[in-house]
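I have placed the structure first, in the form of structure tokens, so that the comments after it can refer back to it.
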Amino acid sequence: MHCLPDRRPRRMHDDARLQWTLSDEAKTHLRALDLAFARFLASMDAAASADWLLLAALLSRQLADGHLCMDLAQWMRAAEEQAWPPAWRDAIRRTSGQPAPAWLSDGTGHAPVVRDGTRLYLRRYWDHERTVARAIGLRLGTDTHSSAALEQTIGALFTDARAPDWSRVAAAIACQGAFTVITGGPGTGKTTTVVRLLAILQARQLASGTGPLRIRLAAPTGKAAARLTASIEGQLSTLPVDPSVRAAIPSQVETLHRLLGARPDTRAFAYHARRPLALDVLVIDEASMVDLEMMAAVLAALPDTARLILLGDKDQLSSVEAGAVLGDLCRRADAGHYTTTTARWIAATTGDDIQPWVSEDARPLDQHIVMLRHSHRFDADSGIGRLAHAVNTGDAGHAQSLLESQHAGLAWTDGACDLRTLRELVLGESGAGYRAYLDVIHRDRPPAGAAPDAFEAWAREALHAFGRFQLLCAVRHGEEGTGRINQRVEEILQREGLVDASHAWYEGRPVLVTRNDYALGLMNGDVGLTLRMPNDEGETVLRVVFLVSDPRRGRVDTIRCVLPSRLGALESVFAMTVHKSQGSEFDHTALILPGRRSAVATRELLYTGITRARSKFSLIAPAAMLGETIRQRVSRHSGLAERLAGDD
Ligand SMILES: Nc1ncnc2c1ncn2[C@@H]1O[C@H](COP(=O)(O)OP(=O)(O)OP(=O)(O)O)[C@@H](O)[C@H]1O
């Protein structure tokens, strides 16, 4: 079916079918984009009913909550969550007795709305979901032949006595299959596993005499890429393998945008289905942050013969954009769902017993997913590790008692974020909080006329000190949002005489880049500090300094100085949203939850905030909000899991 706009467009006010778009309810519940979509569809089919047009606007609205589709079999869930007016619910019910509009199809033709089983999609997202399902689907199926060579190499690199050692299981599964997901909480060994796995794959390849595997490593943000690069560099240096194998494993991690050849001013990438990436193995870290559109772009550009390995924490918040690919893939990961064949083959290959994770309801996808379950970063007594676990399992009572027990590494202010609390956090006891990096700026500043290297070292030290503490907020707006908290912190520091914030740009102002700037080599999520740095004439002037990765120098901590006026989209970052903090870690994080019920304060958000902390986590939230937040889950509607299960 090919839909052309009706030749006799009617003005919106004349079109009785669009009267509802003028109502207060429409303005409250729908975005301008959703209303514009309904108007566009009205112009495509003069016979489509008002009820169908409303349904289309509501479908478009679902994307704002991260849903990829609207399931007509369960639309009441969305109606409840989004508090649709009763009249709208009646309208949706009526559509089942009305003829389908011309702009709706089963996917054939170009109709902008697609019905697939009971799900309605905007075509773009239907296409993306199918691209992802196809790319994963063609990689399902594991070669379960035991081989002495594989047993030996896995045994040599994975020597943990723990049984089962899920890292070893993940390596075996990834060696024999073209698609693997390795999921796990912070410090569970995802990076360690993948580095050893790459060594096994590369050693096998080099031994076959057919030239090394082309391995590429990628992450969704510059920050995550830099962190993984540093971690892989560390792991490689101690990897007990032949130097030729070590030399053939890359450590440089690039952003997905760079991997795909993003170009300024266009959504199109240089690499796509007709011009695939030249690689044999692709590893994507922090995959929970990759939305469906980006995952579809990567998988479309992936050669069919390439091996794909996704790493990430399935319990973290997903991207703000629509879709939660990693979450969808890992829905059944806790219980394993392995087949007896997989379990027998693992026992023969690695000696690990995964029989308790065998299920009669095993599906092909489950055989490619491995969850690492032991944190090497947080031991069994660690307050942060225990709190993260309690939150993740929905145990609000235990989470509260851990916070109340003043466990090492945990602090809780039961109440709103008042001035006293904020002052204590920001000014810190014994030079912690934000005082630490401001002390570095003031105390360690090189003398006028010092060599540029001395200023670079000082800037690096200040950036590292700033990176040790971070205030996190659930939301951007309102009293507990990043905007207001940033303002209040600035006022506190100004009153202490630690900054002079009388102008927009001042020494010590930390900023967050909020849009990729390829010309400057800065990525969305990069954090910079405003410092007085020497210019070419030797005068000190305000510059924003960033730590960036420089592939030519093979380093991840190159200092880049930028004129404040050259920077485009940015904001102050004394406080950052939990969403923006993903892919980063800080010694101490302090999370401020909204004082009142909020749709964004979810279990996933709290878990993500807690796991950004390496050694100390502070929570500022009324007790009632803590319980509410742990009970509230993110749910994202999609058909990906069912598509891969073959149910669709
Ligand atoms: N099997 C192991 N035995 C002992 N220590 C390990 C093991 N695996 C990983 N580690 C150590 O645990 C720490 C975390 O490992 P790694 O960085 O691989 O975890 P991760 O899951 O990638 O963490 P992240 O949360 O940073 O993504 C590292 O110091 C690593 O050396």
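Numbering starts at 1 and runs along the chain as it is shown here.
Note: Cβ is positioned from N, Cα and C throughout, glycine not excepted.
Quick look at what TrEMBL lists:
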BINDING   GLY184, GLY185, PRO186, GLY187, THR188, GLY189, LYS190, THR191  ATP binding site
DOMAIN    176-375  domain 'AAA+ ATPase'
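Here the features listed in TrEMBL are placed on the structure.
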residue: GLY184; record: ATP binding site; Cβ neighbours (10 Å): 24
residue: GLY185; record: ATP binding site; Cβ neighbours (10 Å): 23
residue: PRO186; record: ATP binding site; Cβ neighbours (10 Å): 20
residue: GLY187; record: ATP binding site; Cβ neighbours (10 Å): 19
residue: THR188; record: ATP binding site; Cβ neighbours (10 Å): 22
residue: GLY189; record: ATP binding site; Cβ neighbours (10 Å): 22
residue: LYS190; record: ATP binding site; Cβ neighbours (10 Å): 26
residue: THR191; record: ATP binding site; Cβ neighbours (10 Å): 19
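DSSP assigns GLY189 (ATP binding site) to coil, not to a helix or a strand.
Listed in chain order, the residues near the ATP site other than GLY184, GLY185, PRO186, GLY187, THR188, GLY189, LYS190, THR191 are ASP313, LEU372, SER375, HIS376, ARG377, each with its Cβ within 8 Å of the site Cβ centroid.
Reduced to three states, the DSSP call for GLY184 (ATP binding site) is strand.
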